[in-house]
Amino acid sequence: MRRKGHSHGAVSPCAACKLLRRKCVKDCVFAPYFPAKEPYKFAIVHKIFGASNVNKMLQVLSENHRSDAVNSIVYEANARVQDPVYGCVGIISSLQRQLETLQTQLAFAQAELVHMKTLHRIDTKPPTYMASGISLPANKDLSNDVDMAFAYENGAGESLWSC
């Protein structure tokens, strides 16, 4: 990443070098990740982890992983300022508890919905009809049943319904 320079080839220091009051060299490991426009970013990281530790971490990593590492370090540093004991772990735990609570609420709501649908089906079923003490369901399909006139024949083949 190329940095803007002043006249005569002087390079403006990155936020890290500015805070540490040192000359920012061409291959400064901090320069691409802690620009002069964002001094608070390095200040918080330096306060929590120290410049030497951050430098060591960045030196160990390949360049394509450094940006993600810096973002994580900055996030953790900010979390440590908010919660010095737990940092990111406290945030993760809080989010997990919220997730469990929401999952429980969702399960209760789904169960209540099923219960309400069941009650609605019971309320909307057509009533059963009563004829001489025999209950016949209203939606019973009798088209495949034996003809009623032949259903009550006596043994001799005579219909009990005949006049």
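Our numbering is plain: 1 for the first residue shown, then up by one each step along the chain.
Glycine residues also receive a Cβ, built from the backbone N, Cα and C atoms like all the rest.
All TrEMBL annotations are machine predictions without curation.
The coiled coil annotation in TrEMBL covers 92-119. If one looks beyond the coiled coil (92-119) by at least 6 residues along the same chain, the residues whose Cβ comes under 8 Å of a Cβ in the stretch are 86.
Taken from TrEMBL, the feature domain 'LOB' applies to 12-113.
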In the domain 'LOB' (12-113), how many residues does DSSP assign to helix, to strand and to coil?
73 helix, 0 strand, 29 coil
